[in-house]
Amino acid sequence: MLLLGCIKEVSDYELAVSLPNGLSAFVPVTQISDAYSKLLTKQVAQGELLEELNSLPDIFSPGTLVRCIVTSIEKRDDGSRSVKLSIDPKKVNKGLSSTALAAGMLLSGSVLSVEDHGYLIDIGVTGTHAFLPHQKAKSYIKAAKKGPELKIGQNLNCLIVEVKNEGRVVCLSIDRSEVAASIATERQNWALSNLLPGLVVKARVQKVAPLGMKVTFLSYFTGIVDFMHMDPEKSMSYSPDQVVKACVLSVHPSSRAVRLTLRPPFLHPGGAPRQLPAQRLGAVLEEATVKAFYKQFGAVFELDDGTLAFARLKHLSKTRKSFKPGAFKEGCKHKCRIIDYSLMDEMCVVSLKRQIIEARFLQYQDIHTGDVVQGKVLCLKPIGMKVKVADGIRGLVPSLHLSDVILKQPEKKYNVGDEVKCRVLECSPGEKKLILTLKKSLVQSKLPVLSSYEDAKPGLITHGFVVCAREFGCIVKFYNDVKGLVPMNELGTEPISCPDKVFYEGQVLKVMVLKCEPQQERLLLSFRLSSKPGPEDKWNCIPKEKQEVKYQIGQIVDVKILKKKDNGLEVSILEDEDNVVAWIPMLHLSDFIAASKLLWHRLQEGDVLPRVMYLSDKGEHIILSRKSAVISAVQEEQVVRSFSEIQPGMLLTGYVRNVMPFGVFVEFPFGVTGLSPKVSMSDKFVTDTKDHFVVGQTVIAKVMSIDEEKQRVLLNLKVSECSSGDSAAESFALLNQYFKELKEIRNLLRRGKKIVREPRNCELVPGRRVHLVVQDVREDGSALFSGSSVTGLTVIATRYHLGDKDITPGQKRKAFVLHVDALTSEVYVSLREELLKQRPKRVSMRSVFGFMSFCLS
């Protein structure tokens, strides 16, 4: 089928073409002409750009009319159809022969080559050579503004000026005034087999009907003009036998159907249809007036600016069942949204569907980099996942961006039809290119979106993802293909010799901009987000005169608290005549974070702490520790005193020195330090390292590998990898130590001088039974209680620990104490029967592990 179309959009790989009746189609780059295809093939074979090969945007312009032939109709994944066209003269003009050519004919041609006196034109007629003199192309070249001369592959609307040697040679003109004055006549011997769209003819009205009219032209041709292609200003004045000027829109040889248009812009060959102002597309109109309703097609509306618009039947209501024809009588008003513009019909296309009127995105231009969008999975391909964001808007999630980690089998996580929440990495409306990410770290990020080098101001902190880790550092990418370098000295507070062992492709990290040169598109970054001293630096900020240290690592001493500070205790070592001053960081008061904070809260200046271990001497500062696990490791010689003693597979007890986005640095007694990369930190997936570890936390680490040359150690902190064998015994020993420290703190409270809370707070211990009254049941399913034994305390039972019975305010219940938080005065209890039925001094293993999980969380 031959059609007249209007170029709507031009990209490097295809032309988007508007067709009559609101249809759209595409011309692939391989369907321009034979000469253009040969240049493409040559360029691919040579692997370098050819000077004579111009891109489609250099040759074609939106708004240009072109003759097309349908080459294929394909069904998309979503059920819609994709129409492919060709503008190759050999296919469009295949019905013409050299003997049929006559002066005055108008037909399509394509530039074949540039010669001294003009151009050789491919008109697709076998045995015919067509020539276009420079003189006949001057005005066209000047108006087209595509350069000083025509380019190979450029499509032209050609007028035959002269035919020589029985059609073997023809002379052409593309002069705009000559082409515009051309009218097809009977003398040119047009036949149905070679009748071309775009021909302007004189037609006689044969019959006028509500949906259009029937006309005759060129003596024996019959054609149809539908209601959308009558002249809007004359649509009510047409009558039989009236002679009108018309343009052929389409020719269907098999059905012998010819359609024409009477719209003014098409009545001069080479004309251009009116364009819709860009700001109108997507506009929501509160009142559009019905001008006409066609029960088989749709309705025509008059918009607020007086222009006409068309809505297809499927866009008049949500479903066919909800459609009410009576609502579309002439004069009725409706709310609608402009969803498209048909260049060939010079008419807006509107929709009355609520979901389209309220839709956030209607076209690629509505989407901005950094937007969070909802999409539906269309299909999974090796390169990634195709996602439908809205009707006509599709995006690609590259394989690297399907998750925070690389998925080897994405089909196990995603299914066709799944709803997914994505973030826009890149959007190019002209190319209809939309790149998305499903990485939760990026989708949920609240940090600024870095989408241009101009936005990269020094000090800016944002999220990026690693695309390369090499010996020079890491390349980190952001939005809109903005990327920068994190050099080796900015990878962390500790030296990292092998970035490829610490960082991986696709890893999302926080980075800080150090320097940017927008014109050179150069960006210098750092993983060290702040130069401010961290908690471990504060340990070293205690002023103290330089003194000779006479203690050995592992030595146990008693100390007296001199000064209490927010991050630790300044103490003096007892029984030392030199009054040596030392420092105990708060999180070194215990192996357990909760116990450390509670003990720090209860201790006062002047209190004595026994059995504290000398840990290290940081030059001018003595660091002490009360961590029982670290003390035991030193006393039992389960430590390494130098790097040379470290072996892969060792289990070592240490404490977290620094938490970075890419991993955790762990320090051991005697100063050996190792790094646990993010992928080796936990058996669970780690999004943010700070959610799993804090500075000062006691850990057991397994040595993964060592680099003797660089003196570097890589560690594994996964619980599943860091057990010596009897995990149950280790868990009970850990729990026993926790309870032992809580008991010590309770004893301190009982004998202490400044007890802030009531004594009964100290009597409430895990395992005790108490009688309570239900005060309130909260929205999350948990409940609050009161009672004489818990006066002044907040008593909570989570939804799980309420058991299977319903409770209401005012009820009396017996409860089992799970945990007492002395700092917040909160008591956690359980109403579950399996706990209440047990003997007071005997708790089941399941209950113990449940309590452990509760404490650790």
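Every residue, even glycine, has its Cβ placed from backbone N, Cα and C.
Predicted-model confidence for the domain 'S1 motif' (1-88) is 89, expressed as mean pLDDT. Annotation comment: TrEMBL describes 1-88 (among others) as domain 'S1 motif'.
Marked as domain 'S1 motif' by TrEMBL: 104-175 (among others). Residue counts for the domain 'S1 motif' (104-175) under DSSP, split into helix (H, G, I), strand (E, B) and coil, are 13 helix, 34 strand, 25 coil.
Summarising the annotation, TrEMBL assigns domain 'S1 motif' to 198-263 (among others).
Summarising the annotation, TrEMBL assigns domain 'S1 motif' to 370-439 (among others).
As a summary of secondary structure, the domain 'S1 motif' (459-528) carries 13 helix, 35 strand, 22 coil according to DSSP. Annotation source TrEMBL lists domain 'S1 motif' at 459-528 (among others).
Annotation source TrEMBL lists domain 'S1 motif' at 554-627 (among others).
Positions annotated as domain 'S1 motif' by TrEMBL: 649-718 (among others).
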- Task: Compare 1-88, 104-175, 370-439, 459-528, 649-718 by their Cβ pairs under 8 Å to the domain 'S1 motif' (198-263) and return the stretch that comes out on top.
- Result: 1-88
- DSSP-derived helix, strand and coil totals, residue by residue, for the domain 'S1 motif' (554-627): 13 helix, 35 strand, 26 coil
- In the domain 'S1 motif' (1-88), how many residues does DSSP assign to helix, to strand and to coil? 23 helix, 36 strand, 29 coil
